[in-house]
Structures are given as structure tokens and as C-alpha cells.
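A.B. asks: The signal peptide annotation in TrEMBL covers 1-22. Annotation source TrEMBL lists domain 'Peptidase A1' at 80-501. Among the features that TrEMBL reports, active site is placed at Asp98, Asp285. The disulfide bond annotation in TrEMBL covers Cys111-Cys117. Here TrEMBL flags 310-350, 374-415 as domain 'Saposin B-type'.
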Amino acid sequence: MGLKCLLVVMCVWGWLGSLTSATSDDGLKRVGLKRRNLDLQSLKDARIEESVHPSDLGGAKKNCCDEDIIYLKNYLDAQFFGEISIGSPPQYFNVVFDTGSSNLWVPSSKCIFSIACYFHSKYRSKISSTYTEIGTPCTIPYGEGSIYGFFSQDNVQVGDVIIKDQEFAEITREGSLALSALPFDGILGLGFQDASIGKVTPVWYNMIEQGHICHKIFSLWLNQDPTEEMGGQIVFGGIDYRHFRGDHTYVPLSQKGYWQIDVGDVLLANNSTGLCEGGCAAIVDSGTSLIAGPTSVVTQINHAIGAQGYVSFECKSILHNYGNSIWGSLIAGLNPDLICSDIGLCSNNGFNTMDDVIETVVHNESWNGSPTRESPFCSLCNMIVLWIQVQIKQSNVKEKVFKYVDELCEKLPNPPGHSFINCNSISSMPHITFTIGNKSFPLSPDQYILRFEDGCSTVCYGGFIAIDVPPPQGPLWVLGNIFLGAYHTVFDYGNLRIGFAEAA
């Protein structure tokens with residue numbers, strides 16, 4: 001969960017509207033979603049209003065082999081969320097269905113000292129006849145600030161499915177004021193129990209164990225069409241064939257605990273960005289809005305799309321002082337992993353001890369939260385080596401390469417912030433392609449650039465932010481909703497694999 005600190009969306013987005021229920025001819029209960037136009041005033045005033053529903057969680061159990069479809073709200077292409085209920089009679093909450101975490105949590109009626117709780121629906125255990133007290137305290141870390149509460153147990157309804165005696169967290173203190181502006185109340189984690197705080201059994205595990213779904217899969221479709229009312233859907237136990245084209249490409253999970261896979265090279269237009277030629281890890285995370293990846297690659301992307309980042313004096317200084325030495329070593333065929341050690345900017349462990357962050361750009365914190373030991377100059381040096389190496393492979397001359405690297409230094413991203421770009425240049429931007437399962441998954445500029453309408457003008461920014469995770473866990477990508485919007489995704493728990501197909 002500490003990974004989330006680099007992935008929190010810093011901009012306030014938009015507010016999408018009310019829910020209506022409908023039943024289709026195929027017998028599946030569907031929740032229709034309406035979209036409201038975005039404006040800054042409604043953004044400031046938006047709050048979650050409590051809904052009154054006549055149904056109760058004491059309803060009949062549905063057939064095991066039915067699919068359970070949850071329709072989602074689209075929060076300006078940033079977060080996608082849907083409605084669940086907890087308790088008897090049901091209390092309704094909007095939650096993000098998050099494959100990057102594993103716990104269910106909602107604000108508690110006992111949350112009285114956090115401003116964010118007053119902007120959202122709160123669970124009231126006293127009015128639920130199916131509530132069971134647990135009371136064990138819990139802390140769920142999100143990097144920038146943890147949330148605190150205690151565990152309780154009650155019936156939870158997701159779509160037409162009623163999960164009995166589900167353990168969840170009642171949150172009594174939310175550490176971030178940013179939560180107060182978001183149009184969802186809590187999180188429903190779709191990750192693995194291994195990653196669950198308190199080893200609580202996740203909701204979708206209990207859906208399987210209680211016989212609500214026969215096929216151990218769920219699939220996700222995110223609607224990227226801003227003119228459509230429906231924001232997307234998640235289907236438990238099945239696949240909606242209307243929302244993808246062709247066949248899914250399935251790849252096995254590479255690490256238990258996360259929906260993590262191996263990815264190959266990342267291409268900028270048709271050119272390799274270098275770092276992932278030998279393979280990188282990627283976590284598929286529906287709770288993350290953007291795409292996060294190694295700074296060395298994100299910087300190349302930012303340069304290609306004209307993103308405005310921070311100037312790094314240290315980066316330019318290393319190029320000026322050591323560029324000739326790095327060039328000569330690469331031309332001579334020396335091991336790129338050892339070059340920065342040879343010139344004294346890294347320890348003898350070389351690339352394997354690469355600092356997991358650039359201190360001038362992101363917080364100095366490693367994957368497990370412990371401080372890193374390498375100098376930030378080591379990270380910068382290793383990136384410069386990679387950039388020069390990529391350019392040498394493209395047979396570029398030295399002067400041109402150094403000019404390009406100098407420009408990259410100016411485009412170093414600023415996680416967790418965004419890189420703003422010129423909206424008028426989107427049509428000329430290159431495709432960004434991820435290699436997964438030896439197949440190419442391209443993203444067009446319209447898919448990786450987000451637009452924000454402020455009522456007077458349009459602001460555009462790139463969908464890539466930097467996160468540096470050292471080996472052996474990294475280099476690591478986090479494929480968030482920008483990627484998931486382009487590709488319909490099947491999460492296959494029975495076969496421990498993930499499948500991607502072009503979204504329709």
C-alpha cells in the first residue's frame with residue numbers, strides 16, 4: 001500500500017451524478033449511471049448524498065452460475081466507482097473497485113474528528129440487525145497519510161450478490177484532506193488476501209466461497225467515451241463480450257499478492273526506450289488513475305510529447321562532467337551497469353543498487369519504505385547511461401545525443417504531480433506501446449492525454465508519472481486506468497493470469 005503515495009491524483013477532477021436501477025432482458029440487474037457536466041463550482045460543492053432504497057440485504061440468494069454486473073461511475077477518467085451496500089437495512093456507499101489493494105473500508109459513524117468523513121456516507125452499526133462487533137484496530141497506509149479505524153462484520157451487497165458476514169474496516173480517521181473532495185466514500189479491494197491488512201478475507205474471495213459465482217474470474221471495462229452516461233462495468237464470474245474486440249492475450253501472474261505480470265520493451269513511436277528490453281514488472285491497478293513507470297522512461301515520453309517538467313541542474317551537471325567518459329565507455333563495449341561505479345557516482349554494486357528515487361524529483365523512499373543508501377547522483381548517472389545507450393543503438397552522432405540528453409534533463413517528471421502539455425499538439429504525438437506476452441499494446445495520444453475543462457479553457461496533461469523501484473522488485477510499471485480504459489481486462493484467479501483485449 002505504500003506504493004500508493006506516488007500515485008495519488010493531486011488534481012481535483014469532476015463530479016458525476018445519480019444512480020438509477022434497471023433490469024435488462026437477460027435477467028441481470030444493472031445500475032445505470034448519469035453524467036453531470038464538469039464545472040469548478042459544482043466540484044467545490046459536490047458531496048455524497050445519502051440514498052434511500054427500499055430493498056434489504058435479506059433478499060433471496062441468486063443462482064450460483066449467474067454473472068454479477070456492477071456498473072461504474074467515471075470520475076473524469078480518473079477514478080471509476082460503483083455502489084455497494086452494507087448492513088440490514090442496507091446502507092449505501094460509492095466505492096472504488098481497486099485491484100491494487102485487498103481490504104473493504106468505508107467511513108464510520110464514529111469518525112468525528114476528520115473533515116473528510118463529513119463529506120461522505122458513514123456506516124452506522126447501531127441500525128444494522130446483521131452487524132457483528134469485532135473491534136480490532138487497524139491502520140491502512142497510503143503513503144502520504146494512513147487511514148485508521150477498526151474491523152467490523154456485516155452483510156455486504158455487491159450488485160445482486162449478498163455476501164454474508166463480511167469483515168471490513170470502519171474508518172474513524174482519514175489522514176488526507178484530499179479525500180474530502182473525492183466523490184467516493186471508500187475502497188473495495190480486489191487484490192489477494194496475502195496483501196490484505198489484518199489478513200482479512202477479501203470480498204470477492206467470499207463471493208466464491210459462498211457460492212455466488214462459479215467461475216473464478218472478474219472482468220473490467222472502463223468507458224472512455226465522455227458522451228456516454230455509463231462509466232464502465234465490472235463483471236464478477238464472467239465476461240461481457242460486447243465490450244472488447246478480438247481475443248484476449250493472457251499472461252501469467254509473476255508474483256503472488258498483487259495482480260502483477262511481466263512486461264517487455266516499452267516503445268516510443270517505434271523506438272525502444274531501453275530499460276525494459278530485458279523485461280520489467282507491472283502491477284495492473286484499477287485504483288490508480290494514471291500510468292506510473294521508471295523515471296528514465298517517463299522522461300523520454302515527456303520529452304516526446306513536449307511535457308513541461310522541472311529542470312534538473314544535477315542531471316545537466318553529470319552530463320557536462322561525465323558525458324564524454326560515459327560515451328567512451330559505451331563505445332568501447334564496457335558493461336553499462338558498471339559505468340557509473342567506475343566513475344565514482346555509484347557504489348561497487350553498480351546498477352543493482354541504483355537509488356530508487358531521484359531526490360530532486362520524488363521522496364527518498366524505497367519500495368519497502370526504508371531509506372535508500374545510494375547518492376541521487378547514482379540514479380541520475382544510470383539514467384544518462386541508459387539514454388545515451390538507446391541513442392547509440394539508433395546510430396546517432398555524439399553531438400546530437402548530448403543535445404537530446406540535455407533536453408531530457410529538462411523534462412524530468414515531478415511525481416506525484418502531472419506534466420502539462422499543449423492541447424493543440426496532441427494529434428502529432430507518438431503512440432506509446434507496451435509489450436505484453438510478446439504482443440504490442442499501443443496507446444494513442446487521445447488515450448494517454450487527459451483534458452480538464454475549467455469553464456473558460458481546456459488544460460491538458462500527460463498520463464505518465466514517475467516511480468522508481470529498485471531490483472529485485474523493479475523496475476516496475478503500474479498500469480492504471482489510462483491503460484485499462486484502452487484494454488478490456490480479465491482477472492483470472494482460477495488460472496492466476498490476466499488477459500487483455502482491445503476495448504470496444
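Each Cβ is built from the backbone N, Cα and C atoms, and glycine gets one as well.
Remember, predicted model here, so these are calculated numbers, not experimental data.
I'd like these features described in context: how deep, what's nearby, how far apart.
C.D. replies: The Cβ of Asp98 (active site) has 23 neighbouring Cβ atoms from other residues within 10 Å, across all protein chains displayed.
Neighbour list (Cys111 (disulfide bond), Cβ cut-off 8 Å, at least 6 residues apart, same chain): Cys117, Lys122, Gly149, Glu170, Ile171, Thr172, Arg173, Glu174.
Around the Cβ of Asp285 (active site), a 10 Å sphere holds 28 further Cβ atoms from the protein chains shown.
Taken residue by residue, the domain 'Saposin B-type' (374-415) breaks down under DSSP into 31 helix, 1 strand, 10 coil.
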A.B. asks: Quick one: pull the CA-CA distance for Asp285 (active site) versus Asp98 (active site), whole Å only.
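C.D. replies: About 7 Å separates the two Cα atoms.
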A.B. asks: Which value does the mean pLDDT take for the domain 'Peptidase A1' (80-501) in this predicted structure?
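C.D. replies: Summarising the domain 'Peptidase A1' (80-501) by its mean pLDDT gives 86.
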A.B. asks: Please report the number of other Cβ atoms within 10 Å of the Cβ of Cys117 (disulfide bond).
C.D. replies: 22
